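What follows is a short report on a single structure.
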Amino acid sequence: MTDLTSLTLAEARDGLANKSFTAVELTDAHLAAIEAARVLNAYVLETPDQARQMAKAADAQIAKGEGGPLAGLPLGIKDLFATKGERTTACSKILGDFKPTYESTVTTQLWRDGAVLLGKLNNDEFAMGSSNETSCFGPVINPWRRAGSDAKLVPGGSSGGSAAAVAAGLCLGATATDTGGSIRQPAAFTGTVGIKPTYGRCSRWGIVAFASSLDQAGPIARTVRDSAILLRSMAGHDPKDTTSVDRPVPNYEAAVGGSVKGMKIGIPKEYRLDGMPAEIEKLWSQGAEWLKAAGAELVEVSLPHTKYALPAYYIVAPAEASSNLARYDGVRYGARVNGRNIIEMYENTRAAGFGAEVKRRIMIGTYVLSAGYYDAYYLRAQKVRTLIKRDFEQCFDQGVSAILTPATPSAAFGIGEKGGADPVEMYLNDIFTVTVNMAGLPGIAVPAGSDSQGLPLGLQLIGRPFDEDTLFSLGEVIEQAAGRFTPAKWWA
């Protein structure tokens with residue numbers, strides 16, 4: 001029998017429909033894989049009993065011909081999504097053993113469609129990080145290794161657990177969130193596909209907030225088709241989220257394999273950075289050639305304010321975070337460290353509960369929002385954000401269907417290798433991805449090649465607002481040309 005954990009989500013769906021195996025068998029195979037791969041530290045909470053119950057219920061639905069679009073398909077959930085009665089911590093000590101009394105909208109929709117919960121996935125604390133090294137549960141280890149080396153590599157972040165679990169066959173797909181690249185960068189580092197939908201496409205209700213005007217949920221999966229299937233279930237209007245957009249959710253899967261003939265693909269000259277590795281440059285050109293061969297037209301475009309995106313992002317995001325994280329004070333939920341009075345209790349709780357990177361961003365955010373600096377920093381960053389958005393609008397107004405860029409400036413790096421003395425070194429990982437969040441656009445990362453050491457590299461496609469369909473069509477062209485990327489199993 002085929003190894004059930006090596007199937008794509010679409011293949012598993014077809015296998016269940018054909019009665020080749022049951023949802024319980026599929027779930028058990030994934031639970032065994034999770035157990036054998038604990039060294040990767042991808043899961044921070046395993047829910048085997050609940051998984052088997054949900055799988056059993058899915059089998060009953062499938063037998064009656066009433067299974068939903070995701071019936072019996074086992075998924076991992078990033079620990080930023082509230083799961084009713086199951087520990088949700090955002091991988092921070094300050095939330096302790098918090099068990100929500102409610103379910104996030106995105107996960108509610110996944111369970112409505114019959115999906116199975118395998119457990120909660122590791123992430124950077126409060127989604128603040130690009131390497132999954134800031135989690136209070138410890139770092140996630142990338143299932144990929146450099147050729148001839150057993151050095152531990154990061155899976156990217158903040159959705160490192162989601163990307164590692166999908167790459168290692170520990171779930172058929174995973175939920176993730178993206179504030180400045182947290183879906184696309186880990187997908188690129190692990191040879192998986194990750195899409196950040198348009199801002200407002202997926203509800204943020206029940207997701208632990210980092211930066212509310214930038215956060216967006218999306219899937220990480222093994223293929224473009226799988227990510228399209230998952231996004232259809234995750235997306236939709238939610239009156240509980242005031243930023244949720246009320247427009248119909250298309251059948252994204254129908255766009256996979258769609259013709260790209262005649263589409264104009266923008267190649268932004270500002271993304272050609274000084275010191276960009278030759279491998280990334282070559283991959284980018286190769287991706288453009290693949291799209292051209294499929295009938296797309298390549299045009300050079302200009303996004304002149306790109307160079308200001310990263311500094312503006314690292315003002316806006318920490319400012320919103322400092323406001324959002326003010327709610328963690330030890331009073332009503334989460335961990336508490338007592339003091340002689342309430343102020344001291346707040347201080348002690350936050351000092352003990354937040355990790356170093358979260359404290360750094362809260363302090364940056366509080367600083368840029370303070371009376372003397374608000375105009376100079378925060379207001380100016382918001383004006384820059386408007387200019388970045390306008391750059392993209394002008395580009396799309398010229399008939400460009402999508403923009404092709406690298407997803408990351410490098411392949412996965414070693415654990416402990418970056419950001420020790422200089423956090424900016426780590427922040428530079430987001431250089432190709434933050435513009436998309438600042439403009440609220442959809443962006444997909446698709447694995448497109450390998451570096452000289454055999455590590456996967458990804459390309460990014462940026463689309464018009466609510467035109468995820470085009471990204472799925474173009475992404476599939478790259479996927480077909482580049483092939484699949486699967487790490488050699490060293491952990492079991």
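Note that Cβ sites are derived from N, Cα and C of the backbone, with glycine treated the same way.
Feature annotation from Swiss-Prot assigns active site, charge relay system to K78, S158; the stated evidence is sequence analysis. Swiss-Prot lists S182 with the feature active site, acyl-ester intermediate, giving sequence analysis as the kind of evidence.
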Pairwise CA distance, K78 (active site, charge relay system) versus S158 (active site, charge relay system), rounded so that it is a whole Å: 10
Distance [Cα-Cα, Å, rounded] between S158 (active site, charge relay system) and S182 (active site, acyl-ester intermediate): 5
Among S158, S182, the most crowded of the active-site residues [Cβ within 10 Å]: S182
All-chain count of other Cβ atoms within 10 Å of K78 (active site, charge relay system): 32
Conformational class of S182 (active site, acyl-ester intermediate) under the three-state DSSP mapping: coil
Secondary-structure category, per DSSP, in which K78 (active site, charge relay system) falls: strand
